[in-house]
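Asks: According to TrEMBL, the record shows the following:
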- 69-89: transmembrane segment (TRANSMEM)
- 101-119: transmembrane segment (TRANSMEM)
- 126-144: transmembrane segment (TRANSMEM)
- 164-182: transmembrane segment (TRANSMEM)
- 183-404: domain 'DUF2421' (DOMAIN)
- 194-213: transmembrane segment (TRANSMEM)
- 533-559: region 'Disordered' (REGION)
- 536-548: compositional bias 'Acidic residues' (COMPBIAS)
Amino acid sequence: MNNMHHLWLWLKTAEAMFTLKYVFVSFALWLPSVFYKTAHFYYAEKGLWALIMAQTTMNIYASDQIFNYVIRLIGSVGGAIIGLVTWYIGSGSSSTGNHYGLAASTAVFLVPVIWLRLFSPLQYQAGVLLGCATWALIIGYSWVDAHLIVVGAPGVGWPVAWKRLLLVIIGSAASFIVMMLPPTSGRKAVRLRNAGVITNISEIYSFLIATWIGTQTHRKKTSAAPPMWSQDFRVKLLALADQIQMLDQMTGLAKWEGSIRGKWPAEEYESLVQTESQMIGALAQVGSALGHLEDGWRITFLHSTNVLHPNFISDVMSMFGLIAQSLRTAEPMHQVLPQTLVERLFYHRHTSFMAPGSEKKDVVDVAEMESIDYMFYCAGLVGVYHILQSLDELHQTTKTLVGEVPLRGFYEWKNDSVVTMRPINEARRDRVLLLSTRLEAISATRHKLLRQLEDLDAEAGSVSLERNILHNLDVPISHIPDEVLAMIFEEGVRPRKHGHRFGVVLSHVSRRWRNVATTTPTLWTYLRLQEKPHDDDNDDDESHDEADGESHDEGDVESPELLREFTRACVFLSRSRLCPVDIYIEGFEDVTPEFIQLIGEHVGHCRELRTREVGVDCLDQLLECFSSKPIPLLTSIDLSSKNVLELPEQLFPHGAPRLTTIQLDSIKILDIHLHLAAFSSVTCLKLTAVDVDDSEGHSSFRDGLMALPSLHHLELQLHWFDVMPHHLPIVLPTIQFLHIDASDCHECLGPLISILHAASLATFSFTAWALPHVDFGDDLELHLPSLKHLILAESVVWGVGDFEMFAQTFPDIERLSLEILTDPDFDIIPGPWRKLQTIAISELEVLGEYYNFHSIVLEHQEAGHPIRQLMLPETWLLELDAEEPVKLRKLVVVEWYYVDWPTPFKREYLQD
């Protein structure tokens, strides 16, 4: 019912009436073309011209349509005249036209016709277009009728021109008749549009006042970014400016509408539009002042600003509402309303509006008056004053338009009630002038002292610089050659844990260290770009150091975060020179063309590309940039975005000969075979959030993995993996290390392992954090003949039953690695595996002597078990008595636990 109600309301609008009229006149002029008796006449006499003319002259408002008639009819007549002149001049004495003469005359007249089409004013374009079309139709149809046999001879020269003009008039007459049933007044629309614009101005004004009187802060004190409300204000102001511009055009066209009751007051309506345009500038001035005004200043002067008096705000908003309502209903305004809002402002000035416990700023000292914030504060007040003046003008103009309701004797009574102003106290005025002179003298003295302080600060800076230089010359490290110092710096970057800021830290120690650091390219090879601020905020100082001679064009970068990272990237990439660089980008939704161009200039020596939580547009632009140029040094990519990862079809078309390591997060499984097939050199692959739930996805996943001939290290993090009996096996003959994380779908682990055919797989690691525990079943068939090393995460093993299940499934392993041992009874491990030689334990849940490794190992060795090596936690070995490790080492080799299998996807430098 609500939709029906909205439809009913729309049917009563001018747009709905125009739609109905347009459809009616189109059908009325189209029907003769389909009736049997009239169809030939319609096509022979070019009835379509009348239909087109009726449709193009139709407008919503009568004033617009009348203007359209005049312009289009004048254009048609002008086009007909030029067309006839062109035809008869080119034809000469021939009745059918002369080839060369028509070509010459058309070429001559074509120049002014095209000039009019290109350079005529926009408001006359409709008539010019119709005139150009008429000119071309007269020449074209005259030539066709003279040389070809067509249905319905249009005529040659004047006959076709006469027919064209007649059909234009018929179409215009049809649209005129429909317009008058009934006409929609454009003048009324102008009045209603003015009411709507004034209402929108009042909404923006109330938005600014609400922002002004708010006691909460709109931004951080140290932030240079615009306040949070500025973008919303900017959008509203631009939309209002567009409305006023359209209203100005409507006002000009409304003059064409006829009038019965007298002359239409066009000057007053133009005055309304001009005043509203002036209010746009005043609103922008107030918004800009509030945007630059510091929150502390704004809150301090709240109760000292008379325009923020609650009663005065009510007066202003009431005036906005009364003017808009009067224009909307065409009802007169009352005479007793305030003539000027400034008068009301001074009236409310004598009424206090202090809140309990608040302070009022009555006196402003010289220092505050010289502050930049006070200038913004005054600019805001001036803007409000301009708005009040414009609102008074709107009030007076509206009274002129709609009239006013008189109240006899009101002004006489008002003048008699005004209290006479008190006489000026001459002594007090002289005292004020004296104090003003004294304040000016104090201000001049203060400026002089400030200049002296600036000179002292400059002198102190130069003295401090010279002292620091001399001090650095006496430091022992100053005698180390620059080449040796650069080698020391390079060693500091090798752990890569904090490599992204190590060079920045060095460049802020001393001038010499800075010179060495900025000329050592390997210190700047790891570029880390994040949308959130870096911990080392001083990095931005690098972009402003003129000593380096680095100048960059920042283009149209608007985001403060992107501007900071753009500058940072310029510095790092320029200092890295041609050394292989690693690029890490995190958090950006989108990047600018300047940013992509900068990255594109250095992809040729990019060694690694990593993305985290980036937007789809950002990732697409990065991959397109890397795919557009050769990437001979790229060895690793790690791609992750906020959505499902969809790679471009043509990824790295120039080849990536050194690309060996790939990590992809949430990639679209259906397309994975299209991309992995291009990475013939990849040896290490990690896929996270893998979701295979149908046969098509299984086929794409299988084909993608089997297309990698050099793959020997594979890690999978499963979200879901559905295996059906008819699914083909996944044959990976070169795989040597496999890790599967089935925490989200532990029931999928067994079926997935059963379809893996990996003849060279030596190490198998998996995680399955879920309850119930992993259950491979009794009929699981494996195709892993070379498997010797099994790695079980903490969440996989919970008790004796788990060990027996794994031993039954993987009976031939020779080494077992556990992330944590929760059961103090170590005896449960070696028993099920008769070929187990090495046991590695990363962590023991209970430290101390609870684990009797010596007796258990001795018992199993006496029983013929081949166990010969233990890798135990360092903390446990250090807490034991010195004799225990010695006794244990007599039986087996005992070492500290360490990871001795490949970890190509571990990134230490991502830690802060």
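Residue positions begin at 1 at the first shown residue.
Placement of Cβ uses the backbone N, Cα and C atoms for every residue, glycine included.
No curator has checked TrEMBL annotations; they are predicted automatically.
Describe the structural context of these features.
Replies: For the transmembrane segment (69-89), same-chain residues at least 6 beyond its ends with a Cβ under 8 Å from one of its own Cβ atoms are 53, 56-57, 97, 101-102, 105-106, 109, 113, 123-124, 126-139, 142, 156-158, 161, 164-165, 168-169, 172, 176, 256.
Away from its own ends, the transmembrane segment (126-144) comes close to residues 56, 68, 71-72, 74-76, 78-80, 82-84, 86-87, 97, 102, 106, 109, 113, 116-117, 120, 150, 154-157, 160-161, 164, 168 of its chain (Cβ-Cβ under 8 Å, at least six residues beyond either end).
Beyond its flanks by at least six residues, the transmembrane segment (194-213) meets 229, 232-233, 236-237, 239-240, 243-244, 247, 269, 272-273, 276, 279, 283, 286-287, 290, 298, 302, 305, 308, 313, 316-317, 320-321, 323-325, 327-328, 380, 387, 394 of its own chain at Cβ-Cβ distances under 8 Å.
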Asks: Can you tell me which parts of the same chain pack against the transmembrane segment (101-119), counting only residues 6+ beyond its ends and a CB-CB cutoff under 8 A?
Replies: 82, 85-87, 89-92, 94, 128-129, 131-132, 135, 139, 143
Asks: Where else in the chain does the transmembrane segment (164-182) make close Cβ contacts, counting only residues six or more beyond its ends and a cut-off under 8 Å?
Replies: 21, 24-25, 28-29, 45-47, 49-55, 57-59, 62, 65, 69, 72-73, 76-77, 80, 130, 134, 137-138
